[in-house]
């Protein structure tokens, strides 16, 4: 009978030990009495940064919370009266307290602050026991070993890890580090060995290194000889042997073991939290790529054995904690919630603690009581979640009004899409109408990981709309009253010849219909005479021939005032000053008179347009020479505006129907012997003499234009 009773008792013990606890997670609630506001010196709300439960005997229910203004408060989670809820509070530092740790089994606590110091406090006596000084930047993490009460470690933004021993004597009233790991998580410098040697000699000295970009974010003591650390940028979890004096060596410290980043992100490589289970065999590393990696510390393999996902980690304030029975993992998140996973089944959807309105940062699971979880949030509150069991009718009627937090189940599809979901602080993607032919960019590739924490959001900007706007901006306005045939279609750039490119001036659109008048011709009246002129048979040209010319002005006054006096088909340029054009060869027969008549002012041209019988003024120069043709030739010192502005021969608007320019020059020389220049007159000067200039910005339409060689489009420099 005794043996049978023992067997039944053993079987019952096995059944009770294997009883799943996951169904109990849905019972966590946070009532209004457990929602506490974190405030500073003047009573203003400030965010809490760290929280931790005590492990001292008869003190396990005490929760220590540190906030941004350096205050530390002790909350009695078992107090029935709200007046006795805060057992003690004091301002530990004049700067923010980023982390705190209880001395194992003692009523002492160590705070790590932004004032570059760590302080040891006796919480019962309320006195300061010592100050640890040695860091050059803010302290981000502090940790004790479970087997040591006097030895602890700190990590800071200066990239250094320091080990402290409170049993050592104080120097100048401060505790000094007994071991130091400088540049523990420095990124490998890609400089030459000589530069590295000089840099190391300059920076390596008595003072620790300072590197804000290679901060030590978290430190952890596995035992009295093993330290684990992680950084902000290198993506490597390093294990250090404290029996080695790293301060005695001047070269970069080498860890005894390293766990390299196992994910696929290219820039989110930092770790915000490291947690060991009660056995010290499993390490949980909270990474900023929205994943928690589980490593086996007893194995020689360095890749993770499990990955927990579903939350969001966008800052280095997100912490994790393990349940007392090592079955569950809880973590804060940037999406205003806390998440609970089952360690043995990481693929299952996690439970969600819902209730905070801002990022949930530090979190602590009471090591002596499975039913209590503490969370800190950027909404300036500290909440204590308790495991409660109420009937369904009580949940919905009486207790829901008193609750500020509860547990929900994350859906499997939400967990799969958690990596692709954006942070609440990010701008959501724009939704476009169905059926719109748009291309969104960028998009993750098919081979991309399920999460995209390092990928930018897709803009969903319709590409077609952008192209349409660009095309609209480049298309000139249509002429009112113009017929469709007067506005030819645009010629594709792939089909355009060199004549099309020469015809296009900078910052101008292709020739479509009527061109806008030049800004220099602001006084000219824009009329519809161009359309009438272009419709006549005399002005009909092919599109290629029109594009072979430069842009011409097309006002009514231009056409009336620019007609050649010799009734030829010459064409002049738009602006003789800017383009330095010459008179057409047809003016050579008439001599310089045509140039003089064309050098009238704009008012004279307008008067000439109004009164066709008006005769142009003849310009005379003192000391001018009269050639046999009867025209006056100004001296070389005092030349007409036409000859001053003309430097090179303009062959672009010449017509093949006229004489050859050599024969015209010869005839000029034969008839102008009386006014011939000196014998030193060079051939280039002769070409300059034969050159003619446009005298008016007015233009006329050429009636016949033939294809010309490309060499004629380039001006020839005069030889002085």
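Numbering starts at 1 and runs along the chain as displayed.
Cβ coordinates are placed from backbone N, Cα and C, and glycine is handled just like the others.
Looking at 193-200, 201-208, 209-216, the range tied to motif 'Nuclear localization signal' in Swiss-Prot is 193-200. Looking at 240-243, 244-247, 248-251, 252-255, the range annotated in Swiss-Prot as motif 'DDB1-binding motif' turns out to be 240-243. Between the stretches 456-475, 476-495, 496-515, Swiss-Prot puts its region 'Disordered' entry on 476-495.
Listed stretches 43-85, 211-250, 310-351, 355-395 were compared with the repeat 'WD 3' (134-174); the greatest number of C-beta pairs under 8 angstroms is found for 211-250. Outside the repeat 'WD 1' (43-85) by six or more residues, the chain places 33, 36-37, 91-102, 104-107, 109, 111, 113, 115, 121, 123, 317, 319, 358, 361-364, 366-369, 372, 374-382, 384 with a CB less than 8 A from a CB of the stretch. Remote same-chain residues near the repeat 'WD 6' (310-351) are listed as 21-22, 25-26, 28, 49-50, 140, 217, 232, 270, 272-273, 275-279, 282, 284, 286-290, 292, 294, 357-370, 373, 375-377, 407-412, 414-415, 418, 421, 423-424 (criterion: CB distance under 8 Å, separation of at least six residues from the stretch ends).
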